[in-house]
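Visitor: Got a structure for you, written out below as structure tokens; questions coming shortly.
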């Protein structure tokens, strides 16, 4: 084995010289230069500095403006809530531990950080599944006269939390476990060991199949059908141009969210699967650190995509920030009006950009 396994940790370095120490008790500066921990702390501070305001603003603006409280926006708000969980439960913890060079908060802190990071990522994934299914139901109309309403949105929200909890909770109760990973100042699922009594193998397979592959298959199926339906509707002119444009633009926004999710999380999933299937192989601490912390940037991109692609939301946000006035009133107002009109005939009741 090209690593050192101890009680509730695995360090990717063989302890031939006796310098390897528990990541809960000693700085891990023998793994990488101390400057790397300082850089990691600065990166986490940047994510907090950006992630909290933008996600909080998304929640506040939607609550403040009644016209934004549409059923589909409930799912988008769910993403913002999940991101705030990651910011407060994960990013602050990681910033603090990286400043010390090891997981100074102990086992309890590791469990909490790993739980919030996993929960936030899974809520984001299952929210994208709900959005994809909603787009498929609205645009492809497998059920005649289906309208995505408030009850559907609430059921979708409940579904995302149940599924995310089904992935994040088991390691807290003995099916697998959360351990420090990478530079040993953040925690994740134990892909590294076959520790007796934790059934890591079965949990990792369950997680990859049920909480990564199946959601992605559903998303790709829905958007494959959606693209076909949009082309057919455009060719047959079955709906007004306004309705078609509204549906296309909402769908485009959600597709971009899905692509951004894949860009952020696929490297982490790929590295985790490699480590799981090559346990005992040689790899450095940065091998998991880079994809893990790149994935954490997902807390920023969804609200950014929503703000950039939804002119009605952007108009409301500027109005809120400027104390009820929009300095770009003429151009933003015109766009907002047109989009709101498009939304009124759109069966999704969403005002896209």
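Placement of Cβ uses the backbone N, Cα and C atoms for every residue, glycine included.
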Visitor: Kindly tell me whether the record in Swiss-Prot places residue 105 on the same side of the membrane as residue 286.
Guide: yes
Visitor: Please find, within the list 253-274, 319-340, the residue stretch that Swiss-Prot describes as transmembrane segment.
Guide: 253-274
Visitor: If you look at how Swiss-Prot annotates this chain, which of 153-173, 174-194 comes out as transmembrane segment?
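Guide: Here Swiss-Prot associates transmembrane segment with the stretch 153-173.
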Visitor: Looking at the candidate ranges 1-22, 287-308, report the one that Swiss-Prot labels transmembrane segment.
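Guide: In Swiss-Prot, the transmembrane segment feature sits at 287-308.
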Visitor: Verify whether three or more Cβ pairs under 8 angstroms connect the transmembrane segment (287-308) with the transmembrane segment (74-96), leaving out any pair fewer than 6 apart in sequence.
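Guide: The answer is yes, given that the two segments have at least 3 Cβ pairs within the 8 Å cut-off.
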Visitor: Would you list, in sequence order, the recorded positions among 2, 110, 187, 322 whose CA lies within 10 Å of the CA of residue 15 (N-linked glycosylation site)?
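Guide: Neighbours among recorded positions, in sequence order: 2.
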Visitor: Of the recorded positions 110, 200, 322, 323, which one has its Cα closest to the Cα of residue 2 (N-linked glycosylation site)?
Guide: 200
Visitor: Which residue, out of the recorded positions 110, 187, 322, 323, shows the minimum number of other Cβ atoms inside 10 Å of its Cβ in this structure?
Guide: 323
Visitor: Rank the glycosylation sites 2, 200 by the number of other Cβ atoms within 10 Å of each Cβ and report the first-ranked residue.
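Guide: Per the Cβ count within 10 Å, the most buried is 200.
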